[in-house]
Amino acid sequence: MQVTIPKSTSKEDDKNRNLLPKNVKPIHYDLSLYPDLETFTYGGKVVVTLDVLEDSNSITLHGINLRILTAALEWGSQTVWASEVSYGDERIVLQFPSTVPANSVAVLTLPFTARISSGMEGFYRSSYVDSDGNTKYLATTQMEPTSARRAFPCWDEPALKATFTIDITAKENYTILSNMNAVEETVKDGLKTARFAETCRMSTYLLAWIVAELEYVEYFTPGKHCPRLPVRVYTTPGFSEQGKFAAELGAKTLDFFSGVFGEPYPLPKCDMVAIPDFEAGAMENWGLVTYRLAAILVSEDSAATVIERVAEVVQHELAHQWFGNLVTMQFWDGLWLNEGFATWMSWFSCNHFYPEWKVWESYVTDNLQSALSLDALRSSHPIEVPIMHDYEINQIFDAISYSKGSCVIRMVSKYVGEDTFIKGIQKYISKHRYGNTVTEDLWAALSAESGQDISSTMHNWTKKTGYPVLSVSETNDGELLIEQHRFLSTGDVKPEEDTVIYWAPLKLKTMKDGKAVVDEKAVLSDRSKKIKVDKEALESYKLNSEQSGIYRVNYSADHLKKLSQIAVEKPDYLSVEDRAGLIADVASLSRAGYGKVSSTLDLIKTWKDEPNFVVFAEMLARLNGIKSTLRFESSDIIAAMKKLVLEVSATKAHSLGWEFKANDDHIIRQFKSTVYNYAGLFGDDKVVKDALSKFDAYASGNKSAINDNLRSAVFNIAIRYGGAKSWDQLLEIYTKTNDPYVRNSCLRAFGVTEDEKYIQKTLDLTLDPIVKEQDIYLILVTLSTHKNGVLAMWKFATSNWDKLLSRLPVAGTMRGYVVRFVTSGFTHASAIDKIKEFFADKDTKLYERALQQSLDTISANSSFIDKSLDDITRWLKENRYM
């Protein structure tokens with residue numbers, strides 16, 4: 001086994017971080033657990049083999065809400081017992097009467113007791129209702145990022161890798177799972193003890209175990225690139241058939257990744273488990289991957305968006321088995337090495353298995369726009385964000401670490417070439433397997449393979465906050481002048497905020513003899529650059545072909561008109577990615593004051609017959625974004641914007657129809673459902689009538705009345721236009737179903753209501769146990785999109801803040817989500833002071849980033865309204881929407 005000795009990202013960072021003392025280092029853990037799912041308590045014993053690095057009479061390790069019964073330390077022929085055990089700052093400090101000499105191997109034995117948590121962190125319980133209506137419980141784990149310390153005493157830092165041997169004793173009717181395969185199971189007096197094989201060298205945050213009544217489906221890897229091994233999807237009884245898609249895809253994906261990475265999957269099995277209560281979307285525990293129900297279960301009739309989402313999540317988690325598990329970031333400031341790469345790899349793999357889905361087209365409107373949106377705020381953060389305290393870690397599980405991180409990977413892979421990139425990744429994995437790395441290790445491998453200085457060119461992309469807008473103008477000498485400056489959504493960049501120069505691949509697309517050509521190697525590495533082009537190119541140039549660069553492009557109004565017409569007259573010139581990216585850039589830049597919003601509206605009107613789903617959906621999203629930002633403005637302008645969105649969406653909805661045919665492909669199913677939802681919500685008579693009819697039939701028991709692709713849209717439209725009857729019917733649907741997708745559709749739809757009475761009833765659901773804690777934010781998402789919802793939600797949240805927080809786990813990202821949805825819906829700067837006033841006496845350290853990002857979003861929206869309201873009004877009047 002090749003092992004890389006962990007290194008620090010920075011000695012200064014380690015000095016300032018709240019890390020454990022370095023006098024001892026764990027080598028191996030023997031962990032025994034005895035959970036009781038009736039009392040929700042458990043006993044345990046951990047025996048840790050330690051490498052003693054310094055003379056020591058004190059040992060400090062992590063632990064939260066664990067009661068240590070005794071503490072024995074053995075080395076050589078000596079055994080001593082702790083003279084003092086103290087707790088605090090998420091640590092357990094053990095004092096011993098004797099000193100263990102450096103260079104010893106010692107064994108620490110700690111029996112302990114604890115409660116099985118209810119908070120979706122550490123070792124916790126999850127509930128479900130079985131087919132007989134009985135509430136059942138299972139016990140599972142969520143260790144990432146720093147909750148292993150909630151489950152057992154340990155050294156809970158990613159660089160402190162060790163091996164683990166686990167045995168668990170529980171009632172014999174339970175299935176017991178852990179990272180490795182069970183090598184022995186014994187039953188005595190109604191109790192079953194499962195002992196698992198020793199793990200690979202791994203970080204504590206990847207450890208997992210589950211005790212539950214489960215059933216499973218099983219597939220085997222093809223055996224082409226890794227040994228033939230079982231891949232199982234476990235579910236609570238009655239759901240295993242819905243795990244077939246994920247199990248089969250998982251088996252193929254493990255083999256595929258083994259080939260791509262040049263490193264066979266090292267474990268003898270891979271289990272994937274659907275957990276009823278789960279704070280995140282999924283968790284990549286090595287060999288025992290856990291998921292929300294809605295991230296892994298699908299049926300033959302599931303909506304296209306659901307199937308694609310499950311495929312993406314499964315492949316994301318399995319990519320982690322290499323990027324994150326086999327090779328792990330040194331510390332959490334390198335989280336992007338895990339999440340950015342796994343995100344990119346999931347799209348890479350999805351494109352391999354389902355090329356007809358054309359996922360790289362939607363990547364531009366999904367990951368790229370998510371990254372650009374968050375990173376345009378002053379309160380964004382670098383991809384490699386300094387982390388000094390553990391409570392900061394959960395706040396960087398966001399679109400910067402995931403989406404921007406993956407966009408950096410995509411940008412590099414496009415520039416050096418995919419084959420070269422993959423070979424560099426293989427070198428990186430081979431060199432650092434079972435070890436820890438920093439970003440420079442990745443760049444070194446890619447530099448060695450490509451022959452280019454990747455480390456220098458990519459430095460600012462991971463170390464600095466933000467990204468540039470590239471402004472293009474034409475000189476009198478027939479040249480293109482390209483300048484870069486930092487982009488902020490408020491459009492008010494200060495000189496001191498505009499000091500970073502980014503390396504930006506220009507990917508300049510031009511017309512040559514009527515055909516598209518792309519300069520793949522042109523880059524901007526200074527503040528500005530001039531490029532000589534011919535006359536034909538001057539009429540047709542488009543930067544950032546395929547949107548592979550992480551920046552926006554600002555064209556003159558005249559050139560934007562030329563590009564919009566070229567797209568109509570020569571539809572093959574601008575790719576789907578180009579067109580979607582152009583819409584996104586123009587809309588975002590005009591919101592920030594680079595040009596007029598009327599330019600966005602003109603472009604969308606010109607492309608109203610756009611045939612591609614990704615481009616059309618981006619157009620609708622941008623129109624709806626403008627309308628939504630105007631939620632507190634006059635009823636006249638809101639009505640006019642609604643009329644515009646209705647015209648664009650309804651025309652396409654009627655053109656495509658909303659009956660689903662057997663030969664409808666994956667993309668057309670998404671297209672039909674998207675435009676149906678928009679047309680219905682914005683009041684198309686035929687769509688509303690159809691949706692209400694379908695909903696009544698469904699609520700009366702005819703579950704086949706709604707195609708799965710339309711279910712969310714029908715629920716939304718019914719709540720918007722069906723009144724009290726529909727709201728009550730939807731609540732009954734929610735309480736009676738155990739289908740996670742139906743339940744999620746219900747929760748999102750509740751917030752669509754603009755009726756104040758039913759908004760209040762919807763808000764009351766957030767405190768009602770019938771809504772799982774993991775799902776509270778789903779209600780708030782849609783409430784935050786309309787005026788009545790924003791106002792009522794703020795009043796409710798500020799009146800019930802402690803109750804609301806008590807339903808949200810301390811660890812994880814849920815508190816940040818809730819804060820963001822409760823606060824970010826305001827659109828005038830006057831709201832900022834009242835939000836600050838409310839939170840002034842609150843401990844906001846667990847959601848400080850989310851709060852600041854909300855305030856920045858409000859500032860950006862307020863600035864947008866101040867700059868653009870007159871322009872929008874004029875355009876709507878000139879085009880007869882007002």
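Even glycines carry a Cβ here, placed using N, Cα and C.
Swiss-Prot lists Glu144, Gly281, Ala282, Met283, Glu284, Asn285 with the feature substrate binding site. Remark: Glu144 (substrate binding site) has Tyr205, Leu206, Ala280, Met283 as non-local neighbours, by Cβ distance under 8 Å and separation of at least 6 in sequence.
There are 25 other Cβ atoms within 10 Å of the Cβ belonging to His316 (Zn(2+) binding site). Reduced to three states, the DSSP call for His316 (Zn(2+) binding site) is helix. What Swiss-Prot records for His316, His320, Glu339 is Zn(2+) binding site, and it gives sequence analysis as the kind of evidence.
The number of other Cβ atoms within 10 Å of the Cβ belonging to Glu317 (active site, proton acceptor), over all protein chains shown, comes to 28. Annotation comment: Swiss-Prot describes Glu317 as active site, proton acceptor, evidence class sequence analysis.
Here Swiss-Prot flags Tyr402 as site 'Transition state stabilizer'. Contacts of Tyr402 (site 'Transition state stabilizer') defined by a Cβ separation under 8 A and a same-chain sequence distance of 6+ are given as Trp336, Glu339, Gly340, Thr343, Asn367, Ser370, in order along the sequence.
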Q | Met283 (substrate binding site): secondary structure state under DSSP, collapsed to three categories | A | strand
Q) In the same chain, outside His316, His320, Glu339, whose C-beta lies within 8 angstroms of the Cβ mean position for the Zn(2+) site? A) Glu284, Glu317, Ala319, Phe323, Gly324, Asn338, Phe341, Ala342, Thr343, Met345, Ser346, Tyr402
Q. Out of Gly281, Ala282, Glu284, Asn285, the binding-site residues in the record, which is closest to Glu317 (active site, proton acceptor) when you go by Cα distance?
A. Glu284
